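The block underneath contains the structure these notes are about, expressed in structure tokens.
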Amino acid sequence: MEKWIALVKRRMGELKLTQEKLAERVGVTQGCVGLWLRGERELTLTRMNHVLVCLELPHMSMKPTPDTEEEPANYGLPTTFRYPLSDWVALTDFADDAEGAEEITDYKALGKAFWLRIEGDAMTAPSGLSISAGMLVLVDPGVEAEVGRLVLARVPGNPQGLLRQLVVEGGQRFLKPLNPTYPIMLCGEDCELLGVAIQAGIRF
């Protein structure tokens, strides 16, 4: 954890990023980032890697050693991976021989990951994190859909998936577009969360 904190602080300095700006990229509050950087809140490996890709750094791996069960390991050059390109209706039901996207990534998926090409401007924000039409988004169904993350969801009555930010207000989950002109949608028990967005053109 200490190595991760040092790496994040150093990279924030290189990019001239404040805690507030990093929080925008990650999709959390500035206070949450502050707790992480002070070592006052533990993070999962998935969350740590999400912060790293937001800082345009390779993700960490965990290597078992004789002395410890697990330890954070190398920040060296990552292996590259390719994932298939799905569409907004098929989503996770794409064929094993689906068309492969040209995009190469250093992200090693936890699930059966796939790319989606963004349509429309619901995720185009006036400032901060923004995902424009035509960009490719990498979705990993193996990553836990935590509050604050960008998730791929499917709501009743709509066969197409939606990419939105998962938020909680008043104890209820909602799907929030980054474009404030679009409505926030309730994410009830019948709302399917199909995966978490990991990368999009630029990493976030």
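A Cβ is built for glycine as well, from the same backbone N, Cα and C atoms used for every other residue.
TrEMBL labels come from automatic prediction, so no person has curated them.
Some features that TrEMBL has for this protein:
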| type | residues | note |
| --- | --- | --- |
| DOMAIN | 8-46 | domain 'HTH cro/C1-type' |
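Helix first, then strand, then coil: DSSP counts for the domain 'HTH cro/C1-type' (8-46) stand at 26 helix, 0 strand, 13 coil.
Model confidence over the domain 'HTH cro/C1-type' (8-46) stands at 84, taken as the mean pLDDT rounded to a whole number.
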